[in-house]
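Trainee: Next up is a structure, given as structure tokens.
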């Protein structure tokens, strides 16, 4: 009897972002369809071959995508919104991308976070849907791997219940009644996919049902069980690996009895609950336990001794031929390899493991389990030495940080006066009109901006020349903002590659990777910083840029910071101390930056917390602790200023109805929220609960290249004003504008100002 290993999914971007560049060249018309598909195939096959070379026994296929796997699923099953047309065949690339990116006449499909991590998926729309199988992509990619590489892969498909539950009908996520209504129409198509795979020789299929971890009652299990019983009965020769991840299964004892041949459990992010279920209830002798023992969305090297001890514990529950070792979730959410991190501190590098290194760890653990540790003793010894060196390093033992942490309990973090008092002082100081306009922070980073930054980083541009260029670009955009008629300006953030990475480069305890790219949405890659040590403030981060921008105009320019929780939610966070401790270290550092901005004369300071909602634990029983920690760290950051300094915050891509009280507890003077793609859900939430502070609900979607009309923006503003007093309301886009083209940005902002002016003229009330 032998233990084997399995992978759940592999990163798409490419080791040097080849996939990203492929998509963007196609969108710009620089590639034809034939070249696109040939290049995409080359990348797919290279990824499969690499996994085979790294010793993966069961290699996933069809986990690749041309944009997003949920989009792939809705396109395959014809859940295509009617505004994009009607189809009876596999979509060509322009039609496929229109759904994700929008067109001049059709608004892009909504995009939101994939569970509680920084990946975005396209939200299916099930209004008047007529399911049919337009493309069995799972069969195509299974056959490709088999024919080209001789790999008998494991097709990966999003399960029918998760597919439905991740989508919306009439603007609302589907409840169980809606799922039960649509499931009979969808199941025959899944059955067809399964049948065609079985006919082609597939032995296993990985059926991802990630929403299963969010079920808490037996009643919620019914549609999952119905689907699995149907599929197994219809295609008994195709073995089903029911894969879950990101948390534990509350109804494990029921789920494990279903007609599946393998159950994939997350043993990393489960709060220890899945392992407790296994110990308490055991595991059926006729199924495979696919044990997710390697962290698939953090970058730390595993403690191989501890992981092998876990494997030995699992061997007390199942036999070796019942045990697969695998990542806890798809490796889509980590960078590809550490081999390109040539500038990293060797002590840090020894503690890192990206996708390829994680697969190597799996192989090592598989060998150790089957042949004994002696077969890989050198690898184990090297692993322990690396982990010890990192944990004992000065990076993780900063005594000044420890002293500051020790004083936290002795301090009260509240603004000096209540909001009603503060806002009057701020109005007197700022002299803003009714319905003030602003943007969220960043402006388009042109090819020239990126080229100058790259040249500077390579040493081909002096510091002085680079600074002169940044000043020129800032000056140009201050003038553009004034000409547009914006009321509160921003400096544009041309010095920043990323709203989190930039801060990581300025604080201790962070490592900015050279090539640690992960997919955020579509072709957009981000390089999350690695928080590997104690975080401390050493010098001003944003003050010089903000002061320079303010010197160019009499209008207020916002200082722009990223809040602690977003920094850790969008970073790879050290796992040797609690996340809340890291969060508070960052807050203490940023508090000094906020105070330095105020001392430099900046009147408005925006502390962005876009990732607050998305980072919520999947199970509600864990929410309150998370939210309390979020409020606490935000207040550490923002409460050290005077009453007439206005604190803004921004949030995006989230459903806020269930955290309105937390938003209020932040006590920000002004909050801006992304709303355009969520079709008014957030407006409804504020209508139900009320909100006293000032607020900007994004009036147009920046994630699409289309330019909204004045009438469209006016309608969005008018809808918000039915719920929110005009004296509280700000006018702004959804999010930052870094990824947009300059022409799109200027046209959209021009229309936004025109819409504001038209509505402003209709209002007789003034807040000043």
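Heads up, the Cβ atoms here are built off N, Cα and C, so glycines get one too.
According to Swiss-Prot:
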- 703: active site, proton donor (ACT_SITE)
- 17, 18, 19, 20, 113, 570, 614: 5-methyltetrahydropteroyltri-L-glutamate binding site (BINDING)
- 440, 441, 442, 493, 608: L-homocysteine binding site (BINDING)
- 440, 441, 442, 493, 608: L-methionine binding site (BINDING)
- 650, 652, 674, 735: Zn(2+) binding site (BINDING)
Trainee: Cα distance, residue 652 (Zn(2+) binding site) to residue 614 (5-methyltetrahydropteroyltri-L-glutamate binding site), nearest Å?
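Mentor: Pair distance, Cα basis, whole Å: 9 Å.
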Trainee: Taking each of 18, 20, 113, 442, 608 in turn, which of these binding-site residues have a Cα lying within 10 angstroms of the Cα of residue 650 (Zn(2+) binding site)?
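Mentor: Matched binding-site residues: 608, sequence order.
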Trainee: Translate the DSSP assignment of residue 442 (L-homocysteine binding site) into the three-state scheme.
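Mentor: In the DSSP reduction, residue 442 (L-homocysteine binding site) maps to strand.
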Trainee: May I ask which of the recorded positions 18, 20, 652, 703, 735 is closest to residue 493 (L-homocysteine binding site) if we compare their C-alpha atoms?
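Mentor: So, spelling it out, the nearest of the recorded positions is 735.
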Trainee: Between residue 441 (L-homocysteine binding site) and residue 703 (active site, proton donor), find the distance joining the two CA atoms and give it rounded to the nearest Å.
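Mentor: Distance (Cα to Cα, whole Å): 15 Å.
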Trainee: Using the alpha carbons only, what distance in Å do you get between residue 113 (5-methyltetrahydropteroyltri-L-glutamate binding site) and residue 440 (L-homocysteine binding site) once rounded?
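Mentor: Each residue's Cα considered, residue 113 (5-methyltetrahydropteroyltri-L-glutamate binding site) and residue 440 (L-homocysteine binding site) end up 19 Å apart.
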Trainee: For 5-methyltetrahydropteroyltri-L-glutamate, with binders 17, 18, 19, 20, 113, 570, 614, what's the maximum Cα separation in whole Å?
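Mentor: Overall maximum Cα spacing for these binding residues reaches 28 Å.
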Trainee: Can you give me the same-chain residues 6 or more apart in sequence from residue 570 (5-methyltetrahydropteroyltri-L-glutamate binding site) with a CB-CB distance under 8 Å?
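Mentor: Result: 118, 499, 500, 526, 528, 611.
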Trainee: Please report the number of other Cβ atoms within 10 Å of the Cβ of residue 614 (5-methyltetrahydropteroyltri-L-glutamate binding site).
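Mentor: Neighbour count, Cβ to Cβ under the 10 Å cut-off: 23.
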Trainee: From the Cα of residue 17 (5-methyltetrahydropteroyltri-L-glutamate binding site) across to the Cα of residue 735 (Zn(2+) binding site), what is the distance in angstrom?
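Mentor: Residue 735 (Zn(2+) binding site) to residue 17 (5-methyltetrahydropteroyltri-L-glutamate binding site), Cα-Cα distance: 24 Å.
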